[in-house]
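Below is one structure, written out as structure tokens; the observations come after it.
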Amino acid sequence: MTGTAISVCLLFLLSVCSACYISNCPIGGKRSIMDAPQRKCMSCGPGDRGRCFGPGICCGESFGCLMGSPESARCAEENYLLTPCQAGGRPCGSEGGLCASSGLCCDAESCTMDQSCLSEEEGDERGSLFDGSDSGDVILKLLRLAGLTSPHQTH
């Protein structure tokens, strides 16, 4: 064989060997998925106010978590997208889940009750009520929360 024929054969073999062998290979190759910025998971639920946590799990602060419902059916589409997504929330549970709603920890397959998802949020709300306020302001805030005074009342 001549030198050009060998070169062409080598180039052909090289191009075949560097192909991506998984069925849903991302643009840029298999390793490029690690470098890609994570996007937010698809919105779902009533009024699209939640985020997908798994193929049939939709969670939002206002409604909790919906599993296997018509509102969570849209989350199955997430499996067909080539780039990974991040649902949000802090890590919780032993299965590598994320806090999805108040007191709920979800992974891609299920949701469980988790006190760590509840305690920090409640602590943050209590702390923000009193931060930087004198006692008169604190009493007014408490009365407004109880609905006993209007927010526009002056002293």
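Using the three backbone atoms N, Cα and C, a Cβ is placed for every residue, glycine included.
Per Swiss-Prot, the feature disulfide bond maps to CYS20-CYS25, CYS41-CYS85, CYS44-CYS58, CYS52-CYS75, CYS59-CYS65, CYS92-CYS105, CYS99-CYS117, CYS106-CYS111. Annotated glycine amide per Swiss-Prot: GLY28, in sequence order. Positions annotated as signal peptide by Swiss-Prot, on the basis of similarity to another entry: 1-19.
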Local backbone state of CYS41 (disulfide bond), from DSSP in three classes: coil
Same chain, 6+ residues apart, C-beta under 8 Å of the C-beta of CYS117 (disulfide bond), given in sequence order: GLY89, ARG90, CYS92, CYS99, ALA100, SER101, SER102, GLY103, LEU104, CYS105
Residue among disulfide-bonded residues CYS41, CYS59, CYS75 with Cα closest to the Cα of CYS106 (disulfide bond): CYS59
CB contacts for CYS99 (disulfide bond) [other CB atoms within 10 A, all chains]: 23
Listed disulfide-bonded residues among CYS41, CYS58, CYS75, CYS85 whose Cα sits within 10 Å of CYS65 (disulfide bond): CYS58
Integer Å distance between the CA atoms belonging to CYS85 (disulfide bond) and CYS52 (disulfide bond): 9
Residue, out of the disulfide-bonded residues CYS44, CYS105, whose Cβ gathers the largest set of other Cβ atoms within 10 Å: CYS105
For CYS117 (disulfide bond), the three-state class that DSSP assigns: helix
Cα-to-Cα gap, CYS85 (disulfide bond) vs CYS58 (disulfide bond), nearest whole Å: 14
CYS44 (disulfide bond) and CYS59 (disulfide bond), Cα-Cα, nearest whole angstrom: 8
Entry from the disulfide-bonded residues list CYS52, CYS106 having the most other CB atoms no farther than 10 A: CYS106
Disulfide-bonded residues compared (CYS58, CYS85) - highest count of Cβ atoms within 10 Å: CYS58
Among CYS41, CYS65, CYS75, the most crowded of the disulfide-bonded residues [Cβ within 10 Å]: CYS75
Cα-to-Cα gap, CYS44 (disulfide bond) vs CYS75 (disulfide bond), nearest whole Å: 7
